[in-house]
Each structure stands twice: as structure tokens, then as C-alpha cells.
Amino acid sequence: MARTTFLVSVSLFVSAVLARTVEYNLKISNGKIAPDGVERDATLVNGGYPGPLIFANKGDTLKVKVQNKLTNPDMYRTTSIHWHGLLQHRNADDDGPAFVTQCPIVPQASYTYTMPLGDQTGTYWYHSHLSSQYVDGLRGPLVIYDPKDPHRRLYDIDDEKTVLIIGDWYHTSSKAILATGNITLQQPDSATINGKGRFDPDNTPANPNTLYTLKVKRGKRYRLRVINSSAIASFRMSIQGHKMTVIAADGVSTKPYQVDSFDILAGQRIDAVVEANQEPDTYWINAPLTNVANKTAQALLIYEDDRRPYHPPKGPYRKWSVSEAIIKYWKHKHGRGLLSGHGGLKARMMEGSLHLHGRRDIVKRQNETTTVVMDETKLVPLEHPGAACGSKPADLVIDLTFGVNFTTGHWMINGIPHKSPDMPTLLKILTDTDGVTESDFTQPEHTIILPKNKCVEFNIKGNSGLGIVHPIHLHGHTFDVVQFGNNPPNYVNPPRRDVVGATDEGVRFQFKTDNPGPWFLHCHIDWHLEEGFAMVFAEAPEAIKGGPKSVPVDRQWKDLCRKYGSLPAGFL
């Protein structure tokens, strides 16, 4: 990994504060890897999976040069990178979703994403946002450190070793899985933590060669930054014999909240402090999948104070018995729902319940009588708590109903399955000459215009009849989740996220339209996104084109579409 930093004086700050420009080079290529012991072709970042940690400090500017060296004709050969959770103020052109904010990067070309970080801090991640490509390995962690972190007194260690990127893993390429239309193939074969896992954990030794190992010293406190980079899997995370104190969710600092375990959906991040206060030994880091049967991820926590040779943890790891609703989901039948498109650009543009195996102290420390699982509704923001609209009604309420067409296999919002346009939404807005209206977008683009400087509430419900939780992600914003299902609303101190779980019972959240850009809203189950579970909100389109919050684009951004338009029709 190539990385350089240099200091740039920023005269806009009062007291001559210095901000850095932090540069990275990411080479995207194909290669064979076996993170769970089974070899397959994958899409790699700098030769590995997951990609390297990208990190910077509050106020820095990130410059990431992405080089496309993809060659495998059986996998996706163009690419595009999304920086999940970065707000991208005046910078929507570098948000990354293909055909929303940019054209893909073609093979043997490069593109440099330049991203001023402003006041953002916290745990994020980056991944391909071209079709289902990130399922094949193109994903990695991203952390923005805060030199004045309000939680700094709660932990001693916060470094690259305490970043845990967890994710499901497949032995078949995502392109091949989608081509079959067989939903059962969307179940992952295994899961990894920091690129290590066991396909057959009952018959594969648990040791530092097969599992990620976090070494700790007794008496020290460690800030874990847990990232769920999955295509579908949700996990329940715990550490054998240890409690954790949650201090952030999706990059938002929260009031400290002590738990024994927490659930984490695809796309979400949880920061939690664990104190190494047990007897020096080896302990399981457990992460059973909660929406896929008989799959689990593990890592090892080893005390450096333990002078004995390596020995595995006492007792088996945790497993999970999925609910009847999850079993029903994996048994349901639907048609082929792939909505790829993109082939016409050249012509258009030219230019459940826990199942414990073995000793109960795997979950509960000795003498404990209860196990505390994180309640998401108790994640209170540390700074500026309260709903975006305050105690007043929202200026605009948008009702969104998701569901699935069991005949076609398409997931839909308000009856429309999203299909990526041939021309990126941002380019269409920037080249419009007579005022952007919703009629400028085709029905499959499913694009709604949001007025600027309003408080908006999304009311999202489902009618699929399938009991799976959909992780809903909105680009360009964090939002305040004011109601989960039929629970009482909370406008005083609701959780603030950028990914929230939605069932058919629904979820409501609020945000202010203070960031002009075309922002993608979609299910972060990548299979559902590919089957149409998405739409675009064109926020303040006239402000995108001109004014103090406009989105300036450069020649290299424009060249992306020129180069992509020269590819053969259907090349992706």
C-alpha cells in the first residue's frame, strides 16, 4: 500500500490549525485467495482481502487513487468505490455508486477520489458500488480519528489491530450467483473477521493461522471498531467472558452503554470498549450469523500475559438457531430478479434465538445472572441529541413501501423496482438546461426531488410477508430514527444512524436537506439492491448546479463516462 502525507496550511481556521492531505493508492485486481480455507477467484485491493485500512484525522482531506487492473472475464471488470458513511458535502461526484454519481472506472484506467472530511470522525468503510462486486472481496475499513475524542478517557488502545471488519464470504462469484436466480445460493458459505475464517469450523483447528487474533494485556482497555461488510449477513457480536461498552454507532458518538453482546446489520458499524480484566487465557470473539442457519464467524482474544504455549479457548464457540421467519425467507421462491442494464450508455452518450453448545460461561461470566443485548433504541447521541425536526412536524413526509414481486423476483419501493440509468443521475442534473423536474427521470430510475433546507421524514414499511430485517442505507446523510415498528416514537434522543433495520412493521427517520446531491437509498442486502430495492433522492438539484453548495466536477470525472461509453454494449 502506497501512502503519503503532507501538511497544508488552512487559513480558514481561526488559530492557524493545520490540516493534512492524506494520500492512498488502491490497486483493484483479480487473484486467488482462500480466506476460509477454500480457494476461489476474487476481487482484491492491493492484492488482499479485505483491503487495507484507510485512516485520517478530523479535518483532513483524503485523496485515494483507484487503479483498475481487473482482467477476469467471468467477473466484473469495471469498478466504482463508495466511501460508506462519508457525507461528501459539495462532493457528491466522489460518493461512488455507479450510474448515480459517476460512470464506472474502466479496466486499465484510474480515478482519484478527493474527499474533504470536515468535522466527521468515526468508523466507516469503503466498498465497490458496482453491481454486486463487493461481495467478491472489494471492501475495506476506513477510520477518521478525532484527536480530541470525547470518549478518550474510556480506552487505552485504538489502532489498526482493534479494527474488526467482519463479513460473509462466498465460494462462487457474485455474478454467477445472480445469473442463476436461485435465492438459496445467496446464503454465504462462511464468514470472516479481518479476512480469516473457517468454512468447516467443527473440523478445522482454531488457532492464529486460521482465525484473526487480537492480543491484549491485562488491565488495558481496547476500542474495537466493528464493521459489518456483508452482502446479507447480520451478526450477534460478543467476547467470551467479557463485557463491552458501546460508545459509537455508524460514526456517531453515543453515551456509554455497557452490554454483553450487540447485533450488527450489513453496512453498520459499532465501536465498543472491552477491558482485558479476566484471567490471562484465550477467549472466543463470537459472531454467529442471525439470518443464515448454521454459520458463524470467530476470532481469538489472547492475553499476552499468558506465558503458556498457545491453547484454544475453553468450551465451544457460539452458534445460533434462526427463527421460523428466517427459515421461511430462505425457502421462498421467486423469479430471476436481476436488474443490471447499463448497456445503452454508448448509444445514449457517445461523448432468532441463541443456541448454546456446551458451557454457559461462553456467554455469561461467572456469577452473572443476566445477559444484556444492546437495545438500539438506547443509542443516545453524545452531541446534539434530538430529532432533526425537533418537536415540530416534518416539513415533508414521504411514505415508502417495500415489497417483492414473487413472479419476477424484483424487490420494489412503492411498486417500482429500481434500474440503473445509462447516464449517471448527477450528470443528468448537471447537464439539464431548463430546470430539473421528476419528469426528467424514467420510472425505472425511480428518482424523487427533495427541496433544499427542509426537515424530511421517511416512513418506510413493507408488505413482503417475509420476516427478514432489511438494512436501509441513505447516502449523504445521517438520520434520526424516531420510531421502530409500532413502538412509541422518540423525538427527544433518538438513535442517529446511516443504516437502520426495517421489517414489514416499518421504521421512521428524519434528516435535514442541507447537502445537495443525488443520494442513493437502498437495502444493504446486496442481492436485494441488485433486484431493485433502491431509489434516488435528488436533493436540491438547482443547488447542485450552482451556488455556495454546488457540486463542482473536474475533467477526470467527465472522462469516466467518455471512457465507459467507448466500451462494447453490455460490458460491466
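We count from 1, first residue shown onward.
Keep in mind that glycine also has a Cβ here, set from the backbone N, Cα and C atoms.
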* Asked: Need a hand: Swiss-Prot gives C523, H528 for Cu cation 4, which of H418, H446, H470 is also on that list?
  -> H470
* Which candidate from H242, H384, H410, H522 does Swiss-Prot annotate alongside H129, H475 at the Cu cation 3 binding site? -> H522
* **Second cysteine of the disulfide that Swiss-Prot assigns to C103, among C455, C561** => C561
* To do: For H475 (Cu cation 3 binding site), just give me the three-state DSSP call.
  => coil
* Expressed to the nearest Å, what is the distance separating N182 (N-linked glycosylation site) and N294 (N-linked glycosylation site) at their Cα atoms? -> 19
* Asked: Per DSSP, to which secondary structure element type does H528 (Cu cation 4 binding site) belong, with helix, strand and coil as the options?
  -> helix
* Asked: What recorded positions in the list N228, H473, H522 lie within 10 angstroms of H528 (Cu cation 4 binding site), counting C-alpha atoms?
  -> H522
* Asked: For H475 (Cu cation 3 binding site), which of the binding-site residues H84, H127, H524 has the nearest Cα in space?
  -> H84
* **Under 8 Å by Cβ from H524 (Cu cation 2 binding site), counting only residues of that chain that are 6 or more apart** => L265, A266, G267, H470, P471, I472, H473, V499
* Asked: Counting all other Cβ atoms within 10 Å across every protein chain shown, which of the binding-site residues H475, H528 scores highest?
  -> H475
* Asked: From the Cα of N294 (N-linked glycosylation site) across to the Cα of H84 (Cu cation 2 binding site), what is the distance in angstrom?
  -> 29
